[in-house]
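Notes follow once the structure below has been shown.
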Amino acid sequence: MAFTRRQVLVTTAAAALLPTSVRAALPRLEAREALQQIAPENYDPTPIWGYDGGAPGPEIRIAQGARVQRRLVNNLPEPTTVHWHGIRIDNAMDDVPGLTQDAVPPGQGFDYDFVAPDAGTFWYHSHNRTMRQVAQGLYGPLIVEEAAPPDVDHDLVLMLDDWRLDPETLRITQDFDNNHDLSHAGRLGNVLTVNGRFDPAYQARRHDRLRLRLINAANARIFNVGLEGLAGWIVALDGMPLAQPMAVDGPFPIAPAQRVDLIVDVTAEAGQTASLVSVERDGGWGLARFEVGEPSASGPRGATSALLSNPLPQIENAGDAPLHRMVMQGGAMRWLEKARIGDTELTGRELAELGRFWALNGYAERPPEPFLDVQRGSLHRIAFVNETAFPHAMHLHGHHFRLIRPDGQLGPWRDTVLVERGETRQIALVADNPGDWLLHCHMLGHAASGMMSWFRVA
Ligand code: C2O
Ligand code: CU
């Protein structure tokens, strides 16, 4: 049957009236329940919540400057969203329920369509009931490739997590309101995984050069990563290249939400195993293994060079920029005496009854007014003053910032900074992305129990 011109016009006009969620198809990203082998092989699989049925979800890989286009389809029993962690994104796509949009109800969809301006290692995760949804597997890698990527034999994403499984049933424990976790170091798991599997094995040859993109997707665990049979450099942090690659000369920390890009050579002999280990005070655990085969033809290689830099703002004279204090209080051993929720001041006891144990500048939940309300393009310093007895991984949405070293020199670019207990850390921020942006602890139990704030860039 041939369409008449009139029919065609009617159809296109009708399509224009449809809400975007039912217009033409973007590639789908489906949030749903699934079964996955989290515990070692000879145990039962675990019911999880995953994107496209897996944790991590599918690796989304695009070229720098290209668009990420995905239709979230929510087939979970509760509302959800996708947040694109570390992308200097258009505010409308940042997906924070209650701040930039509503969560997507079960059975419905949302179209994400945005440009990724920076090359590097990023990730995506749920930002609704974040602690429980991420703990159940709603996360995945987002890789933005450089125009001229470094010369390596393998480019491998390694997403670290720790799951808390009931030892009897191997189900994810549902104790998300556990006040002890919330008021201490957060929800720590008992099964460590890489790419959703326990101690996975990869193949490599001696002298192979690997780019390893480590992403910490855990709720609260600070991994201390050691290398065995692998030697090389850290080349990027939180997606942003270091000006100079930094030789790895011992275990290094990676806090929740942080990324570390490594370029390493396989130094283990053929027939041996190289590994990535989690170094703990009293020993350690294997995270992932490389079974090493016959040497590659190329033989050992020379030093690696820095990755191409991203189009980040210039920062000069950060020392002259206005300094804003973000005081972090509360938690076990330094219990809150009082803090505000909205306009109401509550006592520590009243807050604890509401499951609130932490405060940022005196607020135990996202305050009604932004912590900072600043002009687009202006330069600021933020001092994170950690008066608690625990470390916190402080994350800003929509921006990267530079660490300021104790001597006042500018350090690397990051989107999440680990602030140790009792420590004060300064950052320099060019507020160049307009919108309302969250600022919170990425230990997700801490965020849920008070460590949540926001800033506005006009
Ligand atoms: Cu990974 Cu609010 O962020
Ligand atoms: Cu915290």
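Note: Cβ is positioned from N, Cα and C throughout, glycine not excepted.
Mean predicted confidence for the domain 'Plastocyanin-like' (37-147): the pLDDT average there is 95. Look at TrEMBL and you will find 37-147 (among others) tagged as domain 'Plastocyanin-like'.
Sequence annotations record features per position, and here TrEMBL assigns domain 'Plastocyanin-like' to 155-268 (among others).
Within the domain 'Plastocyanin-like' (357-457), the DSSP-based counts of helix, strand and coil residues read 5 helix, 55 strand, 41 coil. Residues or ranges marked as domain 'Plastocyanin-like' by TrEMBL: 357-457 (among others).
The signal peptide annotation in TrEMBL covers 1-24.
Per-class residue totals from DSSP over the domain 'Plastocyanin-like' (155-268), listed helix then strand then coil: 5 helix, 62 strand, 47 coil.
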